């Protein structure tokens, strides 16, 4: 059949892979920034290429300190400086990164299977593996979520390292050079994403499952492992020892045992959503009333009630052990199945809370493990298609079986593609995303608080306060941001006394939160406690010397108090922090006008008008000052 033959053509395969991979994410192009995307988009250090050295030190915005992402800051700086944080560029970039990884999956699969299967089977397994990887719905959180999309650059480096490792360990020329290249990509992977720390273990898995036709000396393999472990160890010394970039997390209730009871259930959930990606969400429920994002939704009672005899735990352990036993049992007859299953579980090792993390599971963590699943699925489908004649004696029956297998493959790809497109819509804006998450987890502090943020932004203070108050009542982790945002909502709703209580709670929980002091300043200003407001604003600037609104408000208070020089200083700093904002120049002009420094006032009004040419009030004030200056000059001439 001509169509079937076309499926073995590499150019046609790549065209289909590109078309479908790009196609399923095309509807993300119009998506807004969601959740942490806004934190990174507004991150001041990405405003200039001069800050690139800071990224080598592991600098990340507050909530993400402790991670090390070498390329995240570099990529985001390029996005901001060159493209002005264009949403189109953000999402196109994410799609291209994912497409690059998908292409590497295609190349790597071909290379791994090169000596195992005949050429046609290799071509088809590689094609299906890449296609399934490109459209799998479980990748949406890693691709559509801009914050995560820059992390998967590390997965690209991992696949490149693995590709050159396969070349270096096989019957190819320049093996040492290829090993060096593999090592360089391994280092880049480690510096990009912690998930890639499993790479040396994946190399061992590859050598175990696919021994060379010519027996390789154990010493040669051992030296290769030492080489990569040395790279990882060197990176670890620099990151954790010298730069001291690490997260100080703890086990549930300080117990490794309780953490592992929950983590086992998370492992089964990983398997379920990889095979059947229907129930996709940010915050999965692990067993009975245990949210996966325990750093915010903390259920102490549920953790303490866990037992090793719980049916959910026993089911999870039984299922995972059964898969591992099956994989090992099939090692000699079907090593590719062994490789695929073990790849899946080994790739989850770093995020399995052996070293405590903020969560039990996250769909973006499946980006690397899912390669094992799609490779297995592709291999099974191709094997079914090429079922030996002894199992199907009649030609017509074989043809029918092949058509059914093709139909199954098309159905799976179609389902995955459709599910990915639908899941992308959940991420289209903060409101759609948190509405979906709140519907999935109505008892979640995270979902209710963040949905409250979207209502606050829309001006629906009543609904925002309802959600914030509920989140505050369940805030067992004492997250200061919940009190902070509730305080802001109360303040805007004309309830300064309630706002004051929330800002004070915020400071009790986080003494370094500059926004809480800024909120206090706003409350004191409303209460006409000017001295306290000045103290609060000064504390805000002590904690964050680049916080523009505090300079504006503090300058205004000082100007009203007649402290002209100090007011001018604050407005001048504000104008340097945000050189494209008209307000600091307008305020400076107002101070100069009161000081009767009309030339300076005119100059500042002119700058303000250049920055905001549609502002009729500024134009009017400029005209008034010019008239006043003319009158003064005429009087001077008359005298």
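The backbone N, Cα and C atoms fix where each Cβ goes, and this holds for glycine too.
Here the structure is a predicted model, which means the values were calculated and not measured.
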According to TrEMBL, which of these ranges is transmembrane segment: 17-43, 44-70, 179-205? 179-205
Per TrEMBL, the transmembrane segment among 312-331, 432-451, 452-471, 472-491 spans residues 312-331
As TrEMBL has it, transmembrane segment corresponds, among 121-139, 254-272, to residues 121-139
In TrEMBL, which of the ranges 367-387, 493-513 has the transmembrane segment annotation? 367-387
Across 88-109, 121-139, 179-205, 312-331, 337-355, the most C-beta pairs under 8 Å with the transmembrane segment (367-387) come from 121-139
Can you tell me which parts of the same chain pack against the transmembrane segment (399-418), counting only residues 6+ beyond its ends and a CB-CB cutoff under 8 A? 20, 23-24, 128, 131-132, 135-137, 277, 377, 381, 384-385, 387, 392
Are there at least 3 C-beta pairs under 8 angstroms linking the transmembrane segment (312-331) and the transmembrane segment (225-242), leaving out pairs fewer than 6 apart in sequence? no
Who are the long-range neighbours of the repeat 'TPR' (548-581) in its own chain, taking Cβ under 8 Å and residues 6 or more past its ends? 514, 518, 521-522, 525, 530, 533-534, 537-538, 540-541, 587-588, 590-592, 594-595, 611
Averaging the per-residue pLDDT over the repeat 'TPR' (548-581), what integer do you get? 95
Which range wins on Cβ pairs under 8 Å with the transmembrane segment (145-167): 88-109, 121-139, 179-205, 312-331? 179-205
